[in-house]
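Notes follow once the structure below has been shown.
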Amino acid sequence: MSELKIGFLGCGSMGECIMAGLLKAKALGPENTFICNRSASTNERLVSLYQVKSVSAVELAEKSDIIMLGVKPYGIVPVLETIKEKITPSKLVVSMAAGVPIATIENHCPPKTKVVRVMPNIPSYVGEGVTSISGNSAVTPDDEAVVMKLFSAIGKSYLVAESAIHGVVGVAGSSPAYVFMFMEALSDGAVRGGIPRAQSYEMAAQAVLGAAKMLQDSGKTPSALKDMVCSPGGTTIEAVRFLEKGGMRSSIIEAMIQCMEKSKEFERMYSE
């Protein structure tokens, strides 16, 4: 795996996160890592920090086995038009551009180009991300395995049909924001109860982390785990009753529906 040559064309925050995770896990060697950004200062910083190679977009496409597209959605087509003559059938084109469908990328690549659309989320920064992986018909099971292994360096990765990607946006892409809001509310409540703000943040984060770990490890459903906390006539069931009265679950589902509709709107914008 470390012998793969990977080029990060547009290495912004998420691209750097993925690159750093791969280098740290030794799934990628710095001598086989190429970057290209519009900002010369960004290139200089990344070269200094990771000892990777800064090259032109065309050289990156020519030298890389995997071309990782990290440019903004509106920049995908111009970038592909610049490098398409260097894209051969053996290369993988992996796009992180939100809202840009595989078909649009295919339209600006040579025929039978292997295209993979991925969606990592922000906890990838701490190695606990969720990444969905969707490939076109040219992508083989071996190709999928390579991409899965790469993104497993920054969390967990899942093969998902492209048609289901809007659900991924709702449950993983945007959900960290919902969880941060929930933890902020927990902190506010704790401060109301006399806990210092800094300590309340630590307690809220640990409580959410522990609850997530229980769901991952116990094999129980969220409902069963909730019932474990709710003693008859106790404090927790009273809090649950109040949350249900306020429509907590319905509000979350409705928020996800709105999120998914917005994702579909973006995809329509970038469809050809």
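Note: Cβ is positioned from N, Cα and C throughout, glycine not excepted.
Here is what TrEMBL records for this protein:
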type	residues	note
DOMAIN	5-99	domain 'Pyrroline-5-carboxylate reductase catalytic N-terminal'
BINDING	LEU9, GLY10, CYS11, GLY12, SER13, MET14	NADP(+) binding site
DOMAIN	162-265	domain 'Pyrroline-5-carboxylate reductase dimerisation'
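Remark: MET14 (NADP(+) binding site) has GLY70, MET96, PRO120, SER124 as non-local neighbours, by Cβ distance under 8 Å and separation of at least 6 in sequence. Over all protein chains present, the Cβ of SER13 (NADP(+) binding site) has 11 other Cβ atoms lying within 10 Å. Residue environment of CYS11 (NADP(+) binding site) contains 27 other Cβ atoms, counted within 10 Å of its Cβ in all protein chains. When the neighbouring Cβ atoms lying within 10 Å are counted for each of the binding-site residues (GLY10, GLY12), the highest count belongs to GLY10. DSSP assigns LEU9 (NADP(+) binding site) to a strand segment in the three-state reduction.
DSSP labels the residues of the domain 'Pyrroline-5-carboxylate reductase dimerisation' (162-265) in these numbers: 89 helix, 0 strand, 15 coil. There are 27 other Cβ atoms within 10 Å of the Cβ belonging to LEU9 (NADP(+) binding site).
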